[in-house]
Each structure stands twice: as structure tokens, then as C-alpha cells.
């Protein structure tokens, strides 16, 4: 065993010596090759690839064991015959062609391995080796697979790789020593081995020397020495980010991410499988990171893989990426989403597939948000199955809740699919405003993103490029631009600062909106920093009121920058909480001050100044710090104070003490302060002298001469007042009575009105002075100076009504003060009123308000009580049944409310109260034997008479043939002829229970039917003997109703009340009652009138020549009721019916009453 190991080591050294001496580093295909070992006598290729066996790697792997066994049998070498066998090992391709070059050299120039034939057969000698450099250029990998099945199954095998990375291999003076090689142990499994060689990134371009050493069952195999460059055998990583989408043109775009780690360009191979109506498989090589597949149809599926390799062809193909699946929808939009700006155009294309059938493009319609159909003028046909819609001059998308886009639907003529395309229209007209500071060192630009906030997922940035000098006429976006960092402020604006700046360089800038759908740019704008300067505010601002002139003078100093001519703006106002500003413009660039007129010279003014370029470019500066004026005397007082006097002492004496009183001057009069007051005296004997009283407002002096004139002067730091008031005290003038009367009337507790009359005099009246004081209080006297041309004056003070006041009126002349008019208290009437009721002004309004409230409450209560209790109570004076009754007698009420033994028939309530006009003639008896007939009562309710209009009833047309003995009278009737229809009716009530004879019935029937039969009316058949009963008949007359129309609502529903009353009234053995309706209108419409019978409401024409002119009714005991209530024999009697008209008639005595009913509308 020791000898065997020694022999293997010897072979190692021999191998290294041979390849070093002869420089036999094997230049084979470095990424994939084979290792072959064969006996020396076997030099033909049949050993490596015998006839009948395919020359490929897979065949060699599957049949290597059989090949080796067959080869040994053919050579006749047996284990018993040979104890040692020498093999030649070499590299070759799959056909082993390179091994033949080395088989002839057997004198120490080849690697010989001495093994037993049995071991040779079991281990196998053919290896498939592949080496590559990893894509990250950090690791060199060799992968080995034996061609025999399970070569290391029965032996403990080890594989090592020895390598060296010399910088220069050709100039080595000596062969490389074995110690210079580094060894790595390979990881082996049953079927494969893999060796990892770490290569520094700096040595990827060096030549790598290596060989393999395989040890198994005590036998070692060594491969020839290999030389290769790792950079040329790089195997990239598989591409990542494989994705697919339908392009705007309807093609399928396959794209992936580029490998940023690769230091060299790559080429890609794409293979895809299309499964649609036709299955298609293809593999294409491209240099870009995307591939377009055309003719994409809806409902198709694609399976795609991609791998990469160096573009120059060297290296190894990477592994295939993971397969990616993609399926197109039944309705395809391309593009599915569009992001565009306002005013631009956009187009969508669509392919619609419905139930495995592609819809023709001519059958496709487009909708916007499923609410608005897009006009067909915007449609275009791209192909038989592709429809296109175009939108022009788009407007900004208005967000609707969570939807920030417009949904565009491609629909079939019959239905729409739920899929849609998205249209985002953004207003990119963003205003960028820039401002250069006053020091001209930086420029700040601001802009608002409010118009693009609806675009979710977008980012905005400001991009710009600078021109060396000035701005171009038409700014444009350049592909090469710079990004400016902007910060969002609290006010919602972005702010970007350019520093340093070039004042005369043009900065073209725009806002770029980045989104996953694309990017949009706002219109570019060019800014010249020198044109947007905001200067520093003026400094050293001062303000003062000038002396004597009284003007507000403002001065300032111009800022250092910019050097351009500037204009200035001054604002000023009275100092206070809310300043009312006034402005003044100064356009003189050289001016540093301005004088302004002001109204109040004695007030404090606050002043500020700002500036900007005179040519209008740039911005106004900030306002300067405020400057305030000081209050000081600017002029002499405008006038002296007004003053009055108080006289003390006995008026009979020639000497009296006079106290002068005056009010301090206001600032506007003193301009602006008073240091002291001076009183000047003038008398005839003593001349003129002055008294300085300082700041006091009173002075007492002795009046001893007949005339004494005084003047009060106000003096400030400038001088004494120029205009002053004089007051002359004169004994003769004090007796001049110029005031004739004086009255005082209190208006309220704070106002009293004084009125007076003056008597004519020869003196010149200057003014009047009013004095008043409270006689019960020691507050002192108050006074007012008023003009001389008024005769009443309102005094505003705190007056107590129960106090007593004294009012005095002094006339003041140029010669002196006249005699006053003095009254103690108010006018007498007012005094008594105030004394009786001091709180009159408070009590009276309270009393008036209480009375109004009480009156309103009573009126409301009265109306409610009347509505609840007295609304339905009739007035006896307006009721027909109360006519002629004396309600002063007790028996009237007893008879009125006595219960009758038998029931009577009630008529219906009238629809409205109306006066009655009637014309009735009564005969005392019948001339034939039929006098004894049942009695009846008639109550005629007709229209209200109108004295202005009348009508004559011609009785000849209405005489009855059956009553020849009756003599008719001729009378007049009156009609109101109203425009609206009204209801009139007459009710016949009788308590007779017996049935009249046929003859009696015929008499009445004939009198009625005669008028109806004049024109052969069809109503004649309706009036049979059975249908006409004398017991109770009712005729309803409708006047002034439109021709040929009878209101069914009035005819039926209105009379249902009558029928209800008759039907519900308890009466034994009472026969059926009949109700008949008569239509009455004007004479010129009579031929069109209608009659409504009691049979099924049939409408029949009414006779034009007669209106039931003769109706005879028997009556006896109720004649007094007719006479009293109807005033027989009279005409024009009016009454207002309120209750149903009825009366019960006895059967003991009867009278014949002939009632002439005339047409009231003739």
C-alpha cells in the first residue's frame, strides 16, 4: 500500500514536470468539455465513441458502462493476464477528437495511470465537466457529472480542484511549483460533483491555471492542466421582474428588469407559448429588455420565460427565469389608462369579445361614466374588430368621491361590459412665482399643487435649466434639466430657494408630475432674477407736524439695493386700535421726503413707507417700521375761550363783584395746548390793563364803572390767540328788556326745550346766553352761548322732574348785557303733570300695551265662542217660518216647540240663503164638483228680485184647459240673471193618506202634461198617472245654467240629502215620493233647456213655450200661513230662507189655490 501511494506521488511530479517543460496548458472550450482516459494501445476513436452509439453527452452517460465492458472484451485483456494497465487521459469534445493528438506520445509526455482492469471497468473514465464564473463575479464554479451510472457507489471517492492565479503565465522562467497551487475540495453526491473556487474581483481578467484530482479505491486520476480567463466564462443570473401588458397599439409587450450588476452588455433569449385560437411557440433573441408580440386577441393566454448571456457571444447562457403567465381579458382597452393634461387630445382603442365571438368594430359604442353617450363623430374604425374613440380639447377631471378619473366604456350595441378604461385629465397650468431678496443673493420660488392633488400616487418636482443671459422669447422644456429640491410649507405651497443666483441669467422652470401612467410637465416659464426683486424697505423713517404750516412731513432713506430708480408709497393714519389708512404716492426717485395735509394737527399719526422699482418690475417691499408724530404747538390758538360771568352783591350798588367763567380750549382750537390765559380790561377812565391767570378758568374782579369791557386770551408756546371774545358790562344796558317771554318744556329726563320771543329794539344783538340751575341743589349754574337768530333751543342735561329749576335768558349786545328773562320751573301745565305723575312716561306705555293685549284676547275668545256655540243658530228675523210671529208672547214658543202627533216631511237644507220673489194668485173655490180634494202647502223659493231688470209672463201661453173656470191673472216676475247657477225649488207636502181618484190625478196631470206636450216632447211618456202623485212633489229649478248641461253633482249628490231626510223620517203608510228637476235659463236659451225625470236620471228637452205655468193646489187651513209667509197678492216681497220650508195642512176645509209660476228668466 505504501508503494502504491509512493507511485501516485511520483506520477504527480512527473505530470507537473512534463506540462511545465513542454508548456502544455490545454486550451480547450472552457465552459463545457469532457475528460477521457484510454489504454496506450487504443488510439482509435472507437473506444470513445464506438459505432452504433450516438455521439452526444446523454448517450455517453447512459451507455458508458456497457461501452467500457465491451471494449475490454474485444482487446482480449483479462485480469489474470495483466496485473497493470496504462491509460492515456485527455480533454476532448463530445466526440473526443482532441485525444488523438496525444495518443502517439507515450514517452513520458502523457499522463499514465496504472490500475487493475477490474477497477477501470467499475470506476469509469469519462467525465462531463462544465465551468463558469458566477454572475456577481465572486465565485468560479465547476460542475462534474460521470457518464457511468453510480460511479462512486462501491468506493469512497474524493475530488479536488487545484488552481493558481498568476498575473503572467507566458513569462514564467521556471515551471510552477506544486506548492503554488491551492486546493479546494469539491462537494460530491451520488451523481455529481461541484467545485467552488473563490476569485477576487480584481483578478477576474487573470488566467486561471487548474487541474482536477480524482481519488477512489486507492487509485488517483488527474486531468491535464487547464488555462482559462474567468471573465470570459461568466454565467449571468436569470432576469427578474418579468411582466406583460397590452400596449397602446394592441400588442403584447414582454418586459423584464435589466441586470445592473453585470459590467458588460447582455443579450436575451425569450421563449413564449401562446394559447389562443392557434397554439404558437417561439423563441427570439433581443438586446433590449422588452419584446413586442403582435396580433394579440382577447381571451388569449401566454407563458413566457427569458434568459441572458453576454452580448459579444462569450460566456454561458443563464438559467431560464421562472415561467410567467398572462391572460388577456374579453374586453381589451389599449391603452387601459391615459394620463394627460387639460386642452390635449386622447384616444382609446377597444376589442370586444362576447361569448367566444369578437364583435365587429361597427357595432361598438362608447360611453363616458355610463351616463353620457359619446357622439359617433368621435369614433374611428382601426380594423374589423378594433374601434377607436378620440377626445379633443379635454377638460380637467372632476373627482367624484373616491373616483379621480373618468371611466370610458366600450360597449356592444346591446350591453356593456364591466371593464372600462380610465382617463385622467390634470390641469398642469401651475403658476410659479419667484422673488429675489433685497440683498440680491437668493431667489425664492413658490407654487401650489392644488390642481394636481386629485392624482393619487403622483410626485411633483421643479425642474429648470439656466440660460447664460436673459430669457428666450419662447421658453421651452429641454431634455437636459436640473432638479430643484422644494419643501412643502404649512400654507400648502412648495418653496424652492436658488442660491447663489445670476441676476441677468434666464431661469426656465416647470413642474413635472411623475406618475405610474407617465409624466406631465406644466408650461415652462422663464424668470430673470433681476426683474423679480423685492427691495428692502426704506430706513430711518421720520414723521412730524410742521410748525406754522401744519403739514405732516415724512422723510426716509433709500435702501442700498437695488440700484434701480425706485418709487415710494406712504401710508398714514390716526394712531389707534383700528387705523384708517390713507396712501400717498411719490414717483420722484430722488425724493427723500413728502409733506401731506392732515385734518387734525393735534393728534398722533403713525406713518410707514415702502418702495419698488420705478419701471414697475419686481415687487413692493415690506412696509418700514412705523414712525409716530409728537403732539406739539404748531400755531397760535385759533381763538380765545368763550366766557360768561356771575354777578355778586346788591344790584342797587354801583360796585359789584364779577366772576368770569370760561371753558378750557380744545386741542383743535388751541393748536395744540394752552400754557396760560390772560384777561384784558378796558374802561373809560382807567384805560387798559391785563391779568395773567395761568391755567385757571375763572377770574373775579370789581365792576365799579358804568362800562367795563373784558377779553380773555389763550396763549401757547407759539403766541396768543388772534380771535377773541369781548364782554361789556354796562349799567344802562342792564336795564334794556329785549326778551318778551320765556317757556321751558321738559321732553325727557335728559332734555328740556326752551322757547322765547324777543321784543324789537334799537340795539345790535350779538348772541344769547342761557343759564339754568337746580334751585334745590348747590351744584352751581350752567350756561350756554347760542346764536341770536334762533327762538328755541334744546338743553341736554340730567333733569329730575320733581326738582325745581331756574332758567334765565340773557341778550348780549355790542354795548353790553341786557336785562334777562328769568323763570322758576317749567311751564305750569307741565309742572302739574310732572308733579302728579312722576313716572308718567313709564306707566303710560305699560297701560297701553296691557289694554291692547286684553282687547286682542277678548276678540279671539269671542270668535272661538261664536264658532263653537252660535255658528248654526238661526236669526228668526231672517227665517221664512218666523215671519209674522211675535216672539214676545210666551204662547208663541209653546206652539213653536209643540211635538206633532204625526210626522211631517222635511225638505233639504238650502245650499245658500237667498231672498224670495213670488207671484201667487188664489181662487176661493173650484167651480166643478171636485172641490173636496186633499189640501197641500206650497212654498216657492225663487230668485232674488232685481228692480233694474224685469220680465212679463204671458199667461195666454200657459193657460190650462182642464181648469176653464179658473181665471188667471197677469203679473210681473223679476229675475236676477246671475252668471253662476243657483238652485231653486218648491216642495209640496201633504198629510193625506188616501189616494186621489183618477179624475183628480188626471186634472193635475193634464195641467202639467199640456205644457210638456206642446212640442211633442219625449217627456210625455214619463209623466204617467202612476208616476205623478199629489202627496208630495218637489220641483227644482236651475237658472242660468249653461245650455244642454245639468250638473250631475248638483242634481244627485245635492239632492241626496232630501231623499235621505224623506226616507229616514218615520211615517206610516207613506207612499213613495217623486222628485222632479226643472232647468230654467234665459228666454233665448229656453229651447235648449233640459228636464231631468225621476226615472234613471234621464235628461229630456224642456218645452220652449211653457214652464209649468199653471199648477193648481188645494189648500184650506194653511191659507193663513200662505198669506202671512208668502204675502199673497203682493209682488217683490223679499225674505232670506234659512230652514227647510214646510207646513202641515188639515183635511177639514180646502181652498182652491191657483199658483201662476212664471218663467223668471224671460
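The backbone N, Cα and C atoms fix where each Cβ goes, and this holds for glycine too.
Because the structure is a prediction, the values reported are computed rather than measured.
Range 896-904 is the one annotated as region 'Required for STAT3 phosphorylation', of 869-877, 878-886, 896-904 (source: Swiss-Prot).
Within the set 849-854, 855-860, 861-866, 891-896, the record from Swiss-Prot flags 891-896 under the feature region 'Required for JAK2 activation'. Within the same chain, residues at least six positions away from residue 195 (disulfide bond) with a Cβ under 8 Å of its Cβ are 141, 142, 143, 144, 159, 161, 184, 186, 187, 212.
Of all the recorded positions listed here (193, 356, 411), 411 has the Cα closest to the Cα of residue 350 (disulfide bond). Within the same chain, residues at least six positions away from residue 471 (disulfide bond) with a Cβ under 8 Å of its Cβ are 506, 508, 526, 527, 528. Candidate disulfide-bonded residues: 90, 416, 445, 486, 496. Fewest other C-beta atoms within 10 angstroms, 416. A sphere of 10 angstroms centred on the C-beta of residue 668 (N-linked glycosylation site) encloses 13 other C-beta atoms. Ranking the recorded positions 131, 411, 486, 657, 698 by Cα distance from residue 434 (disulfide bond) puts 486 first. Taking CA atoms as the reference points, residue 686 (N-linked glycosylation site) and residue 486 (disulfide bond) are 92 Å apart. Each residue in the domain 'Fibronectin type-III 3' (637-729) gets a DSSP state, and the totals come to 4 helix, 49 strand, 40 coil. In sequence order, 390, 391, 392, 393, 394 constitute the residues six or more apart from residue 345 (N-linked glycosylation site) in its chain with CB-CB distances below 8 Å.
Here residue 695 (N-linked glycosylation site) is compared against the disulfide-bonded residues 90, 188, 410, 416, 445, and the shortest C-alpha distance is to 445.
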